[in-house]
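Here is the structure we will look at.
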Amino acid sequence: MRINDGITSMSHGLIQEIGRLIFRGGESALYIWMYENYRIVDLPWDSVFTWYLAALGVDFCYYWVHRASHEIHILWAQHQVHHSSEDFNLAVGLRQSVLQGWCGFVFYLPLALIIPPSQFLTHQQFNLLYQFWIHTETIKSLGPLEWIFNTPRHHRVHHGSVLYCLDKNYGGTLIVWDRIFGTFAEEKEKEEIIFGLVYNQPSFNPLFLQTFYNMNVYNKFEAMNGWQNKLSAIIKGPSWLPGKPWTGLDEDKPDVKKREKYDVHLPTWCNTYLVIHFAAVVISFHDLAQHYVSLSPISVIAFVCYLIGSLTVIGFMFENRPNACILELMRCLILATLIQKNALELSMPFLYWFFLLSAMFWSLHCLRVFEVKIKDQ
Ligand SMILES: [Zn+2]
Ligand SMILES: [Zn+2]
């Protein structure tokens, strides 16, 4: 795993979890309300039959959520985050969109007519967990299991940007849905899969990767003539063009060839520094997740800004942007001040010294950089 790409993937996972603290209750509340008011059967929540029916139902709905996320432009604008890594490893399994859950949950609502909420929520989590381990190039084939289950082999095809991989293998746990609905593609042994987006984004900034694609949808909408085409620019596939089928024609799609992965080389000390600061963000998130119910709204907002701001600056550092060290100096200074003033209710006060020492280091570093620049001039 490359450190810059791996940390970017994990940053997306954290941002999604931060979003969950804000959104998740709403989705579940709506499901429970639907179930309590409109269910058509009363299945016992603790029966084996309900258990398997819920597993199948959740996986079936996942197939359609996922397919819609690829074949509806505005949903793809969110889901593309998961495909934005040029690597294929377990960390990519954590690279998720913060907004996707909020637009995709409607696909699960029909289940509320039948499946008890406790079963639904459990299987939704199982389904998500299952999809973690299939992000690997290590496992080549699982023999007869490949017929029924979604496996690393099938999911590699899903993450490919070469022509035969596009819009294929949407399944969550089971691959049978793809076989039934005609979206299945077998991995080709002789053709190397190029991972990532068709038009790859050279960035390690998680906030940018989460949001940039919405602008593409807006630009396509603006460029279209007539309301019918404008609407199609939003709801049809990303490759749709006027007069063409819903997901576009293969001949209009770029044929992605082997390309150099976006990478920026940083010295080992800098990578180590960024890994430690990323770990501090993870620990702080854990703090927030445990205590956010008892925190004041201002503290929660300050916390969320701290986490997302930190992940963004860490991304800038991985990109080696010219002003990244100044931003990092400011971030550390602001955080040390906030902790000292008790505005961030962190349960680990030693982080004050951690950020203060980091700020001192970066002020010396920035001075050195400026000194070199002045000397050069
Ligand atoms: Zn996908
Ligand atoms: Zn995936």
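Each residue, glycine too, has its Cβ placed from N, Cα and C.
Automatic prediction, not curation, is the source of TrEMBL annotations.
The feature domain 'Fatty acid hydroxylase' is assigned by TrEMBL to 52-183. Among the features that TrEMBL reports, transmembrane segment is placed at 266-286, 298-318, 350-370. Summarising the annotation, TrEMBL assigns domain 'Alkylglycerol monooxygenase C-terminal' to 270-352.
Beyond the transmembrane segment (350-370), the same-chain residues lying 6 or more positions past its ends with a Cβ under 8 Å from any Cβ of the stretch are 273, 277, 280, 284, 325-326, 328-329, 332-333, 335-336, 339-340. Counting same-chain residues at least six beyond the ends of the transmembrane segment (298-318), those with a Cβ under 8 angstroms from any Cβ of the stretch are 3-4, 7-8, 11, 14-15, 18, 203-208, 264, 266, 270, 274, 277-278, 280-281, 284-285, 288, 292, 324-325, 327-328, 331, 335, 338, 343-345.
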